[in-house]
């Protein structure tokens, strides 16, 4: 008999989640309280996109140096790499609950440091603290939810963490938009994150530890008491029997009670074929999740919207709010279908949509650059001879220049659109506050990131389609897979390694995005991500098994047999759950 009795995966329905929660509201309390870690994860990774626009206004060195902008964004990701690895160790050492509480403290400290930062390096310090919290929360919250959820609705409940991540990102854009006219703008945007961190800390103090971790530590009576509040009496006995059998099997295999230092545990884990196969799948989906380029959209969404031709910060933030909202909607779709159609199938369908959108986006941005407004010498000298960008005046063939040529020529060049029509030839100016004010004073539009384009609105629509393709599959399924694919004794280690792979990939992508757009243009950058996505799709097809409807202990049995891919993740009959 497997954990939780016989579960028929193909009968799992999203409505079962509502029925179960209706009978046992305590389950929702556990999932939601832990899921606030996902909200913080989403908020702190999303808020920087809007805050960066105003940080550049206050600190001119940030505006001038692309690497400094990338560092402010990416230091949270660097912190998350360390936090994920540390979180994996803490999860096994002190438990899931204390690890989440430590993450909350780090979130709170980081938010306060950023809000009070007098110089850019202090913002970076605060981002590192926040990143440590994000790394811990990113792998601990879904793990805690998974281990306190009934098997038949585990996928839907772990998806609440994904919903709260996307909800946090949506909230960050909403708050960014709300603070655009408030004194202190970016300080409020970054400091607000302290509030949900404090709320979760208070909630977690009243919640229990994971019953599976407690049982592993020989606290059997405590584990049984918690499971009794989750499972009905007729299922509790079978749940306890399955948990006991699983842990006894683990201890027989490892020949000890699981002690030893982290290095020896990692070496021991790597010696397990089941762990290695699970890790291949877990790392594959986490790396693929990042190399589709999602966090370039989440971290730099307003900048991308400006690259598409919308110069106004408030307009860029408002349009970014739409894409972030679609991300949250996609998470709800995932909750509805992940337990019905499976994790693997959703990821494969998601990747096909992502690749299509990235290729079309590349075409649109290429056309936008090719049809950018021309540069007019008369317009460029309109604000005074010394106002013209020096790169333009010294160019050998200025007649061939357009807006995109001007902006790429030097970091101190800007484009002031024609007063009558933004798509008509405009001015290539020095990028100074005085000339910006003069351009706005004549009711013109001032561009520093992108150029006026008739393709701009189409680019925003495609960004929305990209998010819709990403969120239900690649947005949530990788975290679900990683919460259930490792043996219990190695779950902290496996989840920590996979989360570190996720955040390392995230760091590479976010730290290089602006540099890539300068080197290859927006079109080339999106095409590069499309290539990475194709590699990710192939890897998922061959390495990632379906875990839909499988009790956690049964996942181990499947990995022992090995995984052979079938179209859209249909598992072979021998991999389905056997009845006792």
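Each residue's number is its place along the chain shown, starting with 1.
Glycine too: its Cβ is placed from the backbone N, Cα and C atoms.
Predicted, not measured: the structure shown is a model, and the values here were computed from it.
Residues or ranges marked as transmembrane segment in TrEMBL: 30-55 (among others).
Averaged over the domain 'Major facilitator superfamily (MFS) profile' (30-548), the predicted model reaches a pLDDT of 84. Residues annotated as domain 'Major facilitator superfamily (MFS) profile' in TrEMBL: 30-548.
Long-range contacts of the transmembrane segment (67-87) within its own chain (CB-CB distance under 8 A, at least 6 residues past either end) are made by residues 44-45, 48, 52, 55-56, 61, 99, 103, 106, 120, 123-124, 127-140, 295, 299-300, 492, 496-497, 499-500, 502-504, 506-507, 510-515. Per TrEMBL, the feature transmembrane segment maps to 67-87 (among others).
Residues or ranges marked as transmembrane segment by TrEMBL: 99-117 (among others).
Residues annotated as transmembrane segment in TrEMBL: 123-145 (among others). Residues of the same chain lying 6 or more positions beyond the ends of the transmembrane segment (123-145) and with a Cβ under 8 Å from any Cβ of it are 30-31, 34-38, 40-41, 44-45, 48, 55, 71-72, 75-88, 90-91, 96-97, 99-100, 102-107, 109-115, 117, 157-158, 160-161, 190, 193, 197, 210, 479-480, 482-483, 491-492, 495-496, 498-500, 502-503.
According to TrEMBL, the transmembrane segment annotation covers 157-176 (among others). Listed as Cβ neighbours of the transmembrane segment (157-176) (distance under 8 Å, sequence separation of 6 or more from its ends, same chain) are residues 17, 27, 31-32, 34-47, 49-51, 141-142, 145-146, 149, 188-189, 192, 196, 298, 301, 317, 320-321, 324-325, 327-328, 330-332, 334-335, 338, 471, 475-476, 479-480, 483-484.
Summarising the annotation, TrEMBL assigns transmembrane segment to 188-207 (among others).
Summarising the annotation, TrEMBL assigns transmembrane segment to 316-338 (among others).
The annotation transmembrane segment is assigned in TrEMBL to 344-366 (among others). With a cut-off of 8 Å between Cβ atoms, the residues of this chain six or more beyond the transmembrane segment (344-366) that come close are 285, 288, 292-293, 307-308, 334, 337-338, 455, 458-459, 462-463, 465-466, 468-470, 472-475, 477-478, 521-524, 526-527, 529-530, 533-534, 536-537, 540-541, 544-548, 568-569.
Within the same chain, residues 166, 292, 294, 297, 301, 304-305, 308-310, 319, 322-324, 326-331, 333-334, 337, 346-354, 356-358, 360-361, 364-365, 367-368, 371 sit at least 6 positions outside the transmembrane segment (455-473) and bring their C-beta atoms closer than 8 Å to a C-beta of that stretch. Here TrEMBL flags 455-473 (among others) as transmembrane segment.
For 493-514 (among others), the entry in TrEMBL reads transmembrane segment. Among residues of the same chain six or more beyond the transmembrane segment (493-514), those with a C-beta under 8 A of the stretch's C-beta atoms are 66, 69-71, 73-74, 77-78, 80-81, 83-89, 91-92, 135, 138-139, 143, 262, 265-266, 269, 275, 278-279, 282-283, 286-287, 289-291, 293, 295-296, 299-300, 303, 478, 482-483, 485-487, 525.
Same-chain neighbours of the transmembrane segment (526-544): 280-281, 284-285, 287-288, 291-293, 296, 343-344, 347-348, 351-352, 354-355, 358-359, 361-362, 365, 481, 516, 520, 563, 565, 569, counting only residues six or more beyond its ends whose CB sits under 8 Å from a CB of the stretch. Summarising the annotation, TrEMBL assigns transmembrane segment to 526-544 (among others).
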Contact ranking winner - 30-55, 188-207, 316-338 against the transmembrane segment (99-117), Cβ under 8 Å: 188-207
Intrachain residues whose Cβ lies under 8 Å of the transmembrane segment (188-207), provided they are six or more past its termini: 29-30, 33-34, 36-37, 39-40, 43-44, 47-48, 50-51, 54, 97, 100-101, 104-105, 107-108, 110-112, 114-116, 123, 126, 130, 133, 168, 172, 175-176, 179, 182
